[in-house]
Amino acid sequence: MQSIPIKNVGESRLVDPFQRQYYYLRLSITDQCNFRCTYCLPDGYQPEANKPSFLTLKEITHLAQAFAEMGTEKIRLTGGEPTLRKDFISIAESITNIDGIRQLAVTTNGYRMAKDVADWKKAGITSINVSVDSLDPKMFHQITGINKFDDVMRGIDRAFEVGYNKVKVNSVLMKNLNDKEFEQFLAWVKDRPIQMRFIELMQTGEMDSFFDKFHLSGQVLADKLLKNGWTLQHKSHTDGPAKVFTHPDYAGEIGLIMPYEKNFCASCNRLRVSAKGKLHLCLFGEEGIELRDLLQSHEQQGILQARIFAALQGKREHHYLHIGDTGVRNHLASIGG
């Protein structure tokens, strides 16, 4: 575990040595997932014996309050599959009530959406990202290991019915698996306010051979979009890393997340906390800085914020994926992607 000094630095804002400001926290609330996606957990979730439990509701609330006081405006609940937690609604309601948090998002595999999305909206979830790696039910089953395509599609429709104006859909781009569905995805968003986001496959410790076989640069899709009249949009300060393209003839949008692109890290605006309370400065970085010992009471907030600020001063300018350094991450389910 990395050791970080805890000198109290007062109400420090979340700014790193390269003057990047961090308004966005990705908070994993569980490692558990009920899907078996080929690029993430092909063998399914394997619980580790004698390991710490996931953060409690109280600990999550203390954490979110500390980040909000330091300037965080957006929190995304991730996993694993975050909606597997029985107290998911309580977690959402607690974070929604924190001053300064303007957006509360969730990334989900969508298996519970048709049933529960109305409750998510009531609890304060402002935006939803759903994973849909194929519009072909058979390919969806092959990639996810689960025969739930129709359920996920019903969930997306239900999200619009309960009042969400836009739904973001994530698809991990994989050569010779779903890359040939690009035109089908375009047709799908023609009349639907969906931001369809293609995420370039990322190398992790356990998935080197998979990466070598299936990686495809997102630039291939960017070139197609620009050639066919799509326009790159400007980002707001809380937006994620996606390059978003729009077209006057389409209700939906296309987003591309390309971590191997030059200067990808220059606009970094997010930090990550794992489901067991470790701060991660980069998806492909160190093993994490322990925060959980400072999440036990509100009186610890000042020291907690000082530790977060001190840790941020050690953030690297960029990742080293381009030279094959994936950090210590074996798979993305352990940190929420």
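Placed from the backbone N, Cα and C atoms, the Cβ positions cover glycine too.
The shown structure was predicted, so the numbers you read here are calculated from the model rather than taken from an experiment.
Copied over from Swiss-Prot, here are the features:
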type    : residues                               : note
DOMAIN  : 17-243                                 : domain 'Radical SAM core'
BINDING : R26, R76, T107, K168, R270, L271, R272 : GTP binding site
BINDING : C33, C37, C40                          : [4Fe-4S] cluster 1 binding site
BINDING : Y39, G80, S131, M202                   : S-adenosyl-L-methionine binding site
BINDING : C265, C268, C282                       : [4Fe-4S] cluster 2 binding site
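Structure coloured by features recorded in Swiss-Prot.
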residue : record                               : DSSP class
R26     : GTP binding site                     : strand
C33     : [4Fe-4S] cluster 1 binding site      : coil
Y39     : S-adenosyl-L-methionine binding site : coil
R76     : GTP binding site                     : strand
S131    : S-adenosyl-L-methionine binding site : strand
K168    : GTP binding site                     : strand
C265    : [4Fe-4S] cluster 2 binding site      : helix
R272    : GTP binding site                     : strand
C282    : [4Fe-4S] cluster 2 binding site      : coil
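The binding-site residues near L271 (GTP binding site), taking a 10 angstroms Cα-Cα threshold over the set Y39, C265, C282, are C282. Across the annotated binding residues for GTP (R26, R76, T107, K168, R270, L271, R272), the two most widely spaced Cα atoms sit 20 Å apart. Look at T107 (GTP binding site): DSSP puts it in a strand. The candidate set comprises the binding-site residues G80, R272. Of these, G80 has the most other Cβ atoms within 10 Å. Ranked by CA distance from C33 ([4Fe-4S] cluster 1 binding site), the binding-site residues R26, T107, M202, C265 have T107 at the top as the closest. The secondary structure of M202 (S-adenosyl-L-methionine binding site), as reduced to three states from DSSP, is coil rather than helix or strand. Within 10 Å of S131 (S-adenosyl-L-methionine binding site), judged by CA to CA distance, lie the following binding-site residues from the set R26, T107, K168, C265, R270, R272: T107, K168. Among the residues the record lists as binding S-adenosyl-L-methionine, namely Y39, G80, S131, M202, the two farthest apart have Cα atoms separated by 17 Å. There are 18 other Cβ atoms within 10 Å of the Cβ belonging to C265 ([4Fe-4S] cluster 2 binding site).
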